[in-house]
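What Swiss-Prot records for this protein:
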BINDING   171, 173, 184  Zn(2+) binding site
DOMAIN    100-222  domain 'MPN'
MOTIF     171-184  motif 'JAMM motif'
């Protein structure tokens with residue numbers, strides 16, 4: 001059945017105009033964006049099936065190639081889906097500009113949706129002003145964290161450029177285990193020492209997983 005074969009009051013567009021955007025299901029909202037289905041399934045059915053399998057959170061993390069494995073989703077629709085979630089991420093980032101950091105939990109919340117690829121390890125730098133508000137965040141490196149590969153110069157160069165009063169470093173563990181490794185502790189010690197010399201305090205090193213985090217400060221590991 002095509003969308004045009006539905007009763008007018010049951011079509012997403014008409015429901016949107018009549019009752020407002022909040023009245024639509026996630027599948028109907030997605031259908032408004034993707035517009036057309038296949039010969040076998042209308043776009044609402046395609047979106048319902050897609051969301052029942054993946055859900056919004058997992059769908060947002062699928063690559064273009066993975067999206068195109070879904071029945072009824074070709075290259076153009078896959079790009080539309082990626083674009084929608086990217087716009088959401090950017091809106092989230094803008095809303096958190098100048099966010100004040102009071103705890104490691106604030107850092108964890110701030111980082112939600114900011115990892116380009118959760119299957120790889122990323123090292124982030126958060127530059128803070130004198131009120132502990134985030135001035136800017138940067139990706140410093142991608143790959144396994146290693147004290148021999150992460151040079152303090154790269155991190156503090158960015159902090160100095162942004163006139164940061166203090167910094168927080170953040171990285172993810174793709175395994176989901178957020179316990180600090182020996183390499184994590186070595187990197188933190190090096191950065192703490194460099195920060196003391198430059199008078200730019202390392203406030204914390206936070207390791208994040210999908211649902212939890214580890215704070216060096218909260219575990220009294222900053223010396």
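Just so you know, glycine gets a Cβ as well, placed from its N, Cα and C.
Taking the motif 'JAMM motif' (171-184) as a whole, pLDDT averages 90 in the prediction. Contacts of residue 173 (Zn(2+) binding site) defined by a Cβ separation under 8 A and a same-chain sequence distance of 6+ are given as 121, 207, 208, 209, in order along the sequence.
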